[in-house]
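As written in Swiss-Prot, here are the features:
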REPEAT    44-82  repeat 'HEAT 1'
REPEAT    127-165  repeat 'HEAT 2'
REPEAT    168-206  repeat 'HEAT 3'
REPEAT    365-403  repeat 'HEAT 4'
REPEAT    425-463  repeat 'HEAT 5'
REPEAT    510-548  repeat 'HEAT 6'
REPEAT    604-642  repeat 'HEAT 7'
REPEAT    644-682  repeat 'HEAT 8'
REPEAT    861-900  repeat 'HEAT 9'
REPEAT    976-1014  repeat 'HEAT 10'
REPEAT    1054-1093  repeat 'HEAT 11'
Amino acid sequence: MASHQYHQIANLLEKMTSTDKDFRFMATNDLMTELQKDSIILDDESEKKVVRMVLKLLEDKNGEVQNLAVKCLGPLVNKVKEIQVETIVDSLCANMMSNTEQLRDISSIGLKTVIAELPQSSNSLAPNVCQRITGKLSTAIEKEDVSVKLESLDILADLLSRFGEFLVPFHSTILKALMPQLASSRQAVRKRTIVALSFLLIQANSNAYNGVIDHLLDGLENPPNPAAIRTYIQCLASICRQAGHRLCNHIDRSMLLLSQYSQRDDDELREFCLQACEAFVMRCPDAINPHIPMILELCLNYITYDPNYNYETDDGDTGNAMDTEDDEYVDSEEYSDDDDMSWKVRRAAAKCLEVLISTRQELVEDFYRSLSPALIARFKEREENVKSDIFHAYVALLKNTRLTDDVANDHDSMDQVSGPTSLLIEQLPLIVKAIQPLMREKSMKTRQDCFLLLRELLNSLPGALGPYLDSIVPGISYSLNDKSSTSNMKIESLGFLYSLLQGHPPHVFHPHIPLLVPLVVTSVFDPFYKIATEALLVLQQLVKVIRPLEPNAAKSDFDAPSFVGQVYSCTLQKLKVTDVDQEVKERAIACMGQIIANMGDMLQNELAVCLPIFMERLKNEVTRLSSVKALTLIAASSLRIDLTPILHDVLPALGTFLRKNHRALKLHSLDLINKIVINYSSNFEANLLQTAIVEIPPLISDSDLHVAQYSLTLLSTVARRQPQALVGIHEQFLRSVLILVRSPLLQGSALNCTLELFQALVQTQLSGLDYHSLVSKLMAPVLGGNGDVKSRATAGAPSEVVQLHKQAYHSSAKCIAALTQQCPQVATPLATKLITDLQKRNDTEIIFCLLTIGEIGRHFDLSSIQVLPQTIIECFGATSEDVKAAASHALGAVSVGSLQTYLPLILHEIEVQPKRQYLLLHSLKEVISSLSVSPSGLAQLLPSVPSIWDQLFKHCECSEEGSRNVVAECLGKLVLVNPDELLPQLQQALRSESATMRTVVVSSVKFTISDQPQPIDVLLKQNIGEFLFALRDPEPQVRRVALVAFNSAVHNKPSLVRDLLPTLLPWLYSETKVKSELIREVEMGPFKHTVDDGLDIRKAAFECMYTLLEQGLDRVDVMQFLDHVQAGLCDHYDIKMLTYLMTARLAILCPDKVLLRLDQFIQQLRDTCTHKVKANSVKQEYEKQDELKRSALRAVSALSQIPKANKNQQLVDFLKSIKETPELNKIFEYIQKDSITGSSDIIVMDQS
């Protein structure tokens, strides 16, 4: 293989010496192909020959050959040894000094290629190359030849950006060459010098950095000439963008000079001053704070700076502007002047304002007062690009005004956020008035910006544009009718119209329907498929507006029938056409489904034409899913559309879909069958339905509980609506259901659907589905032949006992209790039999019997069974922990059904049985939890609350932590029952001198907070601060539970703590720090082990911070928040894992702020990814490090998605380093692939 390669390379080298340029070209091209192969291996001699030949071809007379030779350098440097790379670099550097311009140019391109391809791994190649190039480039920069100087500066900038850390020893040499170039007479030289200098200062030591900054600031204080002022200000801005965090110490001096120079009568200088301000605001957020008012004033002055144009002629009434001729809107361009540079000043001011708004969320209210009116007034800006930047600045303001759902829905907290929102509402008429004429400008960009702003306005103030539709709709019409509108313009217009229709009640659009319908219909027939697709989506929404069916839709005398024919015929034409784009087909199907669902009663004669088309589309694989979704809309419609013509074909087809390996199709098919059975069961025979439901048994599996849940719901519906369809097939699906009941994964909504199914089945009174048969089948896997309720022989159930997961016992018990609810007469006999036989059974049988008794007792009064309580309590003494837990659960559950009998017993036992206290407290918790969820349960529980409360308080300081935790939960749940009386008692207990008592009391508050509205909420909001102020408690255990309670409040009901955040956050941040007083050494034989008692508190603090990301970030100083996240990146393994998650989330929630700290984040993530575990470490250490790497790389992946992150050199270099490290690259590729995998298709199930 190798000899073949050598021979092939030798042949290529020989052809490269040919006099025929075509031979040379083809040989060079073939060489490049060979070099790109991973398998190529060159010996030393071949390397030398190839390098020598490629370098020779750089001097070829033919330009195409030269270009190919340059391209060969990239793969070549990764295939040859270091000495050959040095030869290449030396040769290219020498050629850069050549007298031949073409050779100089091709050599500089070659050097850039080599630098771009050098690996960033830890070998010596890159440092050696940097060492060889740097001196020569520094010398070249000092040459008089401008072209050499420019190329050298370019290459040096590349070198510094990629390998800055290797060039630190040469900084003094480089600076010596660069600094004089800032005074060059050539602007191009000065600009490239600034770029190189900015990259250099990223890695420079403090002395070098401060030296350069001082040089620039001294130069600004005593400038040699006007050009130097511009250069130094540009340089400051550029340095700030690259290494801004280090400029903070010089901000005050810099801003003083900028404020002076910004007043000079020099437009270019003003522009540079504003750009520098933008960089300072972005990169030095804390240091720039005192100067924000000055920057704001500067921007407001210069955003209106237009000395060569008089706007007064445009300041008249714009209200009637929509009625004027189009020519009125071309005036602004006529005043453009090639010599007028003032637009650059205005643009710089607008961009600076956008950054200011984006990074200063805490000033939003002030911005609405001072900045918003000024921006609105500048919407009339004559220069298109400046106007666009002004719009984007206002969009940034709107984005910062968005309300979280929690705050928007919480009336108690609206006063906290109504400032910006109310100011925006006040200014809404001004915004619409300013935008109205712009929506008919000829400039596409301006119109698109109008729609962008209006759409963001909808996000900030949902439903607020209703009163202004008279001003907005004609603008939409203009863009859709304008023949000069581009496709993007039309798509943007339709997209905004869709958002508008979605975000407002239907009745507000009724006056505009005569204009909107023809507009949208015309767009549906647009030849460009993307416009047609978008138009069909809008038309579907328009159907819901023309004829709303929602129960809460306002009554209207709107004449809907007059538009039905037009909408239907338009959609039908699109539905019939087959040779169109897939998206158009799908949208046409969806639109027609909506039309029939909302207007089908007005289209009786057309249904015979339209419905068969759906049947045809069901047969086509690519339109199948869309058709099922559309038919589901129709079947669920309150109009009860007559589907008889197609039902006999649809149901068998849906049955075949259930066999397909297509999850979304299965889910939607099950949902459609369910809707058909609910609304049309009288329209077809049971045997037709059987063709579909016979396919259900394989779908009832714990491998996909969501599909299983839909299947169970459908069977329940069939059992209630058309039970005859189950005859002959119930054994198959029942077998699957019984296997599912034994699954450890069955819980929540899937378990509830299973219970409903059993109740529906027993009501059918079909053979084999009677109570005794079903109960026997459920008991058989546990009790075998001993569990027969009647004659087990007739039930046909297997008698062998199966080893089950403990969750399966709970599920089976609940199923038996659900069946018993339908046959109440057997409840007491069954419970009696189970309790009587308890002594004869093994542990697993006892667990199952106890759980079953408990679940039956939850629904029935079992107090007539005399031996029941004592038998259950005796099980508390069992050796098996699982038996004890089941007994505890059973005692609590049977107490729910007969509270007066069993609650006094539990309270008495807690008093006299200290060894069984933990189990009895769990029984009590079961009672409180079960009865406090319904009004009838609360009525039962309320009289007993005082006695329960007193008993619980006696055990707040018991020695066992587990018991204290249960006491805390019970106290919290009891407070919800009677908050007015019990919450003050908790507050009183908070003043206890006992740290244990305080811990239990603070912990109990967590259980008073739920994500649903509760009567206690108002009271809790007034008093929760007293409990959370326990974050200052001297005892670590109290602070930890206070953090947990704080976390619960932020997660479930942020409005409770929103006002307290300024006070609580400093205490929270304090708990994220490592505290030396909580670290101790423990001797374990000859070894000393360090124990950090503060770790659990720090974990609780970081968990609380993570929750704040989702719920309270609008009230948090993000930059301060980031400080503590970054500190956590260097903490213990558990903390690191949390902060990696937070980093990834922050990259999505506040990308602009994270971008400012990207360098620091990348450095810490790089340290984790490159960390090596010690050779003699245990396996667990390797696993931990692998998990850290995976989590760190997930954070890197999220950071890399931030807009403009690809301009951060540290990130770019790190990503390249990851790709060059096989181990990291494999993980990273998997993460990226995983992140773009679409989530499965979830649909909302209507179980009515």
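Any Cβ shown, glycine's included, is placed from N, Cα and C.
The repeat 'HEAT 1' (44-82): residue composition by secondary structure is 30 helix, 0 strand, 9 coil, according to DSSP.
Away from its own ends, the repeat 'HEAT 8' (644-682) comes close to residues 607-608, 611-612, 614-615, 618-619, 624-625, 628-629, 631-632, 635-636, 688-689, 691-696, 699, 704, 706-707, 710-711, 713-714, 717-718, 721-722, 1240-1243, 1245-1246, 1248 of its chain (Cβ-Cβ under 8 Å, at least six residues beyond either end). Note on the repeat 'HEAT 1' (44-82): its mean pLDDT in the predicted model is 88. DSSP assignment over the repeat 'HEAT 6' (510-548) gives 33 helix, 0 strand, 6 coil.
Note on the repeat 'HEAT 6' (510-548): residues 469, 473, 476-477, 480-481, 487, 490-491, 494-495, 497-498, 501-502, 556, 558, 560, 563-564, 566-567, 570-571, 573-574, 580-581, 583-584, 587-588, 590-591, 594-595, 598-599 of its chain, located 6 or more positions outside it, place their CB under 8 angstroms from a CB of the stretch.
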